[in-house]
Amino acid sequence: MKGEHFLVAFAFCILASSFASAYDPSPLQDFCVAINDTKSAGLNIPRNTGNQVGSNVTLLNVDQIAGLNTLGISLARIDYAPNGGLNPPHVHPRATEILLVLEGTLSVGFVTSNPDNRLIEKVLNPGDVFVIPLGLIHFQLNVAKTNAVAVAALSSQNPGVITIANAVFGSNPPINLDVLTKAFQLGKNEVKNLQKQFGGNNK
């Protein structure tokens, strides 16, 4: 009888230990406080926004700060030119984002997935925050006459970014014209012009 109780208790312990270890372990392997270049790790310097879209993103991920390895976080500073500086529609395939406005006024939004494709948009002022779920198309637009600055925290050490227009019209090699004309309901010449503008080379 005692032997049966022992076997039952032993089996229960084995079962319990298998449940106890059936979880996703922490990704933390080790940690490192070093950075490759102290200048690249600073977010206090305003960046040049004199480009076509009027914005500049300074990303601090695992490539700049080795200490982020396996920690699942990264940070970015975004500078926006006055009167329409735009961080154009893009997605982060591996991260949720929380955006904090430090200076200026931004119109920030994201679009939900099919079939709704609902636009969630809000005007943000300094101190306001906005959360963008993982993988959804989103943007920020400076709606004020002054410079704007925001900081974004992302839930990945390497969130990735896919800027929609660049990816679709500037891919290498270019996406077939028939695909783009039908998908966007545009003429071939219009698509060719867009590809030329975004660096594609469809002849």
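In case you wondered, yes, glycine gets a Cβ from its N, Cα and C as well.
As written in TrEMBL, here are the features:
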SIGNAL    1-22  signal peptide
DOMAIN    43-192  domain 'Cupin type-1'
BINDING   N87, H92, E97  oxalate binding site
BINDING   H90, H92, E97, H138  Mn(2+) binding site
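For the Mn(2+) site, the Cβ centre of H90, H92, E97, H138 serves as reference, and the other residues of the chain with Cβ at most 8 Å from it are V91, A95, F110, I132, L136, I137, A152, P159, V161. Sequence-ordered, the extra residues of this chain that approach the oxalate site, with Cβ no more than 8 Å from the Cβ center of N87, H92, E97, are A76, H90, V91, A95, L99, I132, H138, A152, L154, P159, V161. Here the CA atom of H138 (Mn(2+) binding site) lies 9 Å from the CA atom of H92 (oxalate binding site). A distance of 10 Å separates the Cα atom of E97 (oxalate binding site) from that of H138 (Mn(2+) binding site). Sequence-distant contacts of H90 (Mn(2+) binding site), defined as residues of its own chain at least six apart whose C-beta falls under 8 angstroms from its C-beta, comprise I137, H138, F139, V161, I162, T163, I164.
Assigned with DSSP, the residues of the domain 'Cupin type-1' (43-192) fall into helix, strand and coil as follows: 22 helix, 56 strand, 72 coil.
Regional average pLDDT for the domain 'Cupin type-1' (43-192) in the model is 95.
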